[in-house]
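**Student:** My structure is below; once you've seen it, I'll send some questions.
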Ligand SMILES: [Zn+2]
Ligand SMILES: [Zn+2]
Ligand SMILES: [Zn+2]
C-alpha cells in the first residue's frame, strides 16, 4: 500500500500546490478520523500537537484552500458549526463516501456507508436530463439509544 503521506504529497502536487507540512498534516488529521467531522478548531488542536508553532489563522487558510480544491469537504450538519471531512481522493469514482444520520436528541452524527441512490440518480437523469455528479444526504431522526429512551417516556 502506498504511504498515505506520499499520496497526499502527490495530490497536492497534482493540484499545483506546494507540499507543506501543515497541508499534509491537516489532510492526515482528517483522513485518520473519517467519522469525526472536525471543526477548524479541532483540526488545529490535532495539528498543533505535531507542529506547536502553527497558528489558527494558518489552519483556517489551509482548510479553505484544501476545500476549494475538493481535497476536503465542508459540512453543515445543522449544529451551528462548520465541519470538515476528508474528500474523495479517487477521481475515478463518483465523489462519495458516506451519508450522515443526525440525531435530533443527542446531536450525534452517525455515518451510513453504502449508497442506494443510483436508481434515483438514473431516474433524475432520465426524466429531467439532469446529470447528477454528486449528492449529499442528511437524515434526521433518533439514534438507537435515543429512540429507546423516547419509547420509555
Ligand atoms: Zn461524514
Ligand atoms: Zn441520539
Ligand atoms: Zn450517497
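Just so it is clear, glycine is given a Cβ too, placed from its N, Cα and C backbone atoms.
Automated prediction, rather than curation, is the source of TrEMBL annotations.
According to TrEMBL, the Fe cation binding site annotation covers 97, 135. The Zn(2+) binding site annotation in TrEMBL covers 103, 106, 143, 146.
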**Student:** For residue 143 (Zn(2+) binding site), which DSSP three-state class applies?
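**Tutor:** Reduced to three states, the DSSP call for residue 143 (Zn(2+) binding site) is coil.
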**Student:** Round to the nearest Å and give the CA-to-CA distance linking residue 135 (Fe cation binding site) with residue 103 (Zn(2+) binding site).
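**Tutor:** Distance between the two Cα atoms comes out at 20 Å.
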**Student:** Hey, does DSSP put residue 103 (Zn(2+) binding site) in a helix, a strand, or just coil?
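**Tutor:** Looking at the DSSP assignment, residue 103 (Zn(2+) binding site) belongs to a strand.
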**Student:** Have a look around residue 106 (Zn(2+) binding site) and count the other CB atoms within 10 A of its CB, chains all included.
**Tutor:** 12
**Student:** May I ask you to report the DSSP-based helix, strand or coil state of residue 97 (Fe cation binding site)?
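**Tutor:** Note: residue 97 (Fe cation binding site) is coil by DSSP, not helix or strand.
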**Student:** When you measure from the Cβ of residue 143 (Zn(2+) binding site), which residues in the chain that are at least 6 apart have a Cβ under 8 Å away?
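**Tutor:** Those within reach of residue 143 (Zn(2+) binding site), by Cβ under 8 Å and sequence separation of 6 or more, are 101, 103, 105, 106, 108, 110.
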**Student:** Identify which of the following binding-site residues, namely 97, 103, 143, place a Cβ less than 6 Å away from any atom of ligand 2, and list them by sequence position.
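**Tutor:** Checked binding-site residues vs ligand 2; flagged 103, 143.
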**Student:** Do any residues at least six apart in sequence from residue 97 (Fe cation binding site), in the same chain, have a Cβ closer than 8 Å to its Cβ, and if so which, in order?
**Tutor:** 34, 85, 88, 113
**Student:** Tell me the Cβ neighbour count for residue 135 (Fe cation binding site), meaning other Cβ atoms within 10 Å of its Cβ, over all protein chains shown.
**Tutor:** 14
